[in-house]
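Lifted from TrEMBL, the feature list:
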REPEAT    110-143  repeat 'TPR'
REPEAT    144-177  repeat 'TPR'
REPEAT    179-212  repeat 'TPR'
REPEAT    213-246  repeat 'TPR'
DOMAIN    361-614  domain 'O-GlcNAc transferase C-terminal'
DOMAIN    641-835  domain 'O-GlcNAc transferase C-terminal'
Amino acid sequence: QQTCKVCARWWLERISASPCGRCPGAPRRGWELRLGSLSRMTAHARLYFPRLLLSSLSLVLALARSECPDHAGDGYDELMEYAKSRKEAKAFSDAMACFQKAAEADRRRPEPWLNVGELYKNAGKLEEAEIALRQSVALGPAWPLAHFNLANILKDLDRNEESLAEYQEALALDPPFKAAILNNMALAHGTLNQNDLVLESYEKAMRLDPLVPETHNNLASHYQAIGDMANAVKHYRQAVQLRPEKGFLLNLAYALGAKGETAESLKIYMKTIEMYPDYALAYYNLGTSLMGEERYAESEYCYRWAVKLDGTRADYYNNLATVVGASGATNEVMEIYDIVLRLHPGHETAYCNMYHTKHEICDWTDVDSHLKKVVAIVNRQLREGRVPTVRAFHALAYAVSADFVRRLSEAWSSLAEKEALMMVPKNFAFQMPPTSPAPRRIRVGYTSSDLKKQHPVAHLVLSMFLLHDLLSFEVFCFALSPSDGSEIRMQVERGAQHFIDLTPALSHSLVAAAEEVNRHKPHILINLNGYTNGGRLELYALRPAPIQVHGIGYPGTLGAKYVGHMITDRISSPPEAVEGYTEHLVVMPNSYLMNSLKNSYPHLLHPRYREDADRQALLQTDPLFSEEEEHRTLKAYKRMEKETRDFVGVQRADWDLPNKRVVYACFNTLIKLRPRILRRWKRILDRVPSSVIWLLRAPQVAEEKVMQWWREAGDYEERIIFTATAAKEEHIKRAGIADVFLDTDIYGAHSTGTDALWAGLPLLSPTHLLGMASRVSASLLSTIGLEEMIGRTLEDYENLAVALGRSPRKLLEIRHKLRHERWNSSLFDTRRWMEDWEKGIAMLWSAYVGRAEEKIHRSMHVVLAR
């Protein structure tokens, strides 16, 4: 090619030695003669010259004209030839002017208008393109290409019925490109939801030419849009086999992922990157798939490559921020969100994600106005039927209404169902276990991704699998995450009657995992995750069991029509809050939040607190005792406090806590803090000068922001003490050395609350007016008999905290009441909890088969008696 250019330049210098007549110092006639001669030479060269020389001569002509772009000749042919050369050279304004001159030079020709229309289309001026192409059709009604191009413009303008009429006109003229026309007709039919005609058009196109990859790709896209992922994958594969170009490969990989075949999807993405190492979109899509598998480090690597290859895409940076945030690098996350919003100021996902990141690190700058904007964004998305940019789980910690959370949850559950149904054939349904004859044992399955060392849910449900009545129930535990090798995971594996690790099936496909669950024919399946990470709600959308329930691991509605029931209690879900749930409620007689503390950590209780006689003697002490008796009782209380601390081997000095001051503690993660509750804590510190507040560094990056708030509030820095998180047993031991646990208001203490109460640390619950997540601590206190520790208003909460801080006697009474109640309370009686839950299971099954002696209709709530 370089030789041709040199040759062309040599020809040009000799054949057109004189400059143009329109340029200074040369006769016009000489240029025109040479140019005309050159044009004729090129035209005749097709017959007389070899291909290389023909290329040289054609290039000579193009170069000759490009040397003088102001002169293209006055005839139609010369204008058209020059216009086409300028179009090929991407000099579109020159090309447009010359095509328009050509149209004026010969007003009978349709070709100039066709080219004008194409140039307008490429410039995004579709209305102008339509006018030009209608002129082309009017001048050339028997020219199928004019009808085809006009139809394409009408399709782009979303005037699909008009476009179909033009496609039919083009087809009637029997052009050689009928397959392309049928392909585009199928796209127009698809926009009109004429699915039968879509398939008919594609079938005709493939009969005409089965080797056009675009036809297979477009047909696959149609199947994907209507949820038939099996056929989508089939035709994407055929497109790739015919031409393994990057777009087809990415479509195949995405469809495999949507079908649940994650392993093969990842292989195709990696193959695409191997073939096209500079293709940013391939890195982005691979990163997104890896993020869905919670492989955050690999996902981050892919996103970093994507932004390196194409730094103009806001979505690439937004997803990079998400995975960087998962590693805890919050400062970098905020910098990345700044980049996203500079690239795309209206990026809704980035704005909502940035708000949540600020929420996580306790950056409360303009928090109320930011939340208002987030709520407005989500409400607009829900109205328009779009995927919301706020996760349902995240919203539980926001100051939003229960109605907002329910609508948000419904949107996410619908998305999960849509994605799940794309993985299976239409009208797919699992075979359910028979309802008659009555089963000898009800088969109960639990799914969880949280059966690992540091996850609170694993510690809560550890005894669940051990305490089922195996004469009446057959129990299955389905793990959604691989083993971390921890002792708690091994305890669950040993304790469950049937332990099934679903991760091998999940690595193949979600459908395979659902099939594995259904193979065991559970009558009832319980989701212990909800919307928390790894929960795989799509598995439930495939309905592998006839009765599907959720609870314990997620304090709120799932909004899913395929999960019919939820485990709760009267205080966590009072009658006035029922409208906030889409599920029918299984109302436990005591707190719904089971725990395994009594079975796992009985050795942390001093023996004196396991003796009923001692407990009764202490609790029945006459409150109207004399001053001498009060002094003697206080001494006894203090002695018992010391005995308890000596017994567990933990002292305040071990954790840099003052011995002679009131220690208020909050072991919730810092994400649950809000300025509103901090202002109450500030007032408590002001009213109890000899007090401090003890917090956890969870997450550690939020500590500085919290301390900044206290510094701005006044001279409190020395009274706020942070401690690192600790292993479960160590944490329970040290929790008891605090005086009072100050709970948060919007999302309160759940497992941290049960830990504190088992440690003998009284929990003080604020008002609980928002969602279920704010009411759980009140449920715990009610179950253990400490209703007096529930603040009915925030002012009541503050006054209770101050009263306990100012009155050692009152504080010690509460602490010792708690310590004596623990051993016999139903809150820590996991066996009793399991007996109540098994009654609920039996009632659900009876209602399902319609033979319940209790006469519970299957659409009613199940309320279990105390």
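Cβ atoms are placed via backbone N, Cα and C, with glycine included.
Automated prediction, rather than curation, is the source of TrEMBL annotations.
In the predicted model, the repeat 'TPR' (110-143) has a mean pLDDT of 94. Residues of the same chain lying 6 or more positions beyond the ends of the repeat 'TPR' (213-246) and with a Cβ under 8 Å from any Cβ of it are 179, 183, 186-187, 190, 195, 198-199, 202, 205-206, 252, 255-256, 258-259, 261, 272, 275-276, 279, 281-282, 418, 421-426. For the repeat 'TPR' (213-246), the DSSP-based tally of helix, strand and coil residues reads 28 helix, 0 strand, 6 coil. Secondary structure counts, DSSP: the repeat 'TPR' (179-212) has 27 helix, 0 strand, 7 coil.
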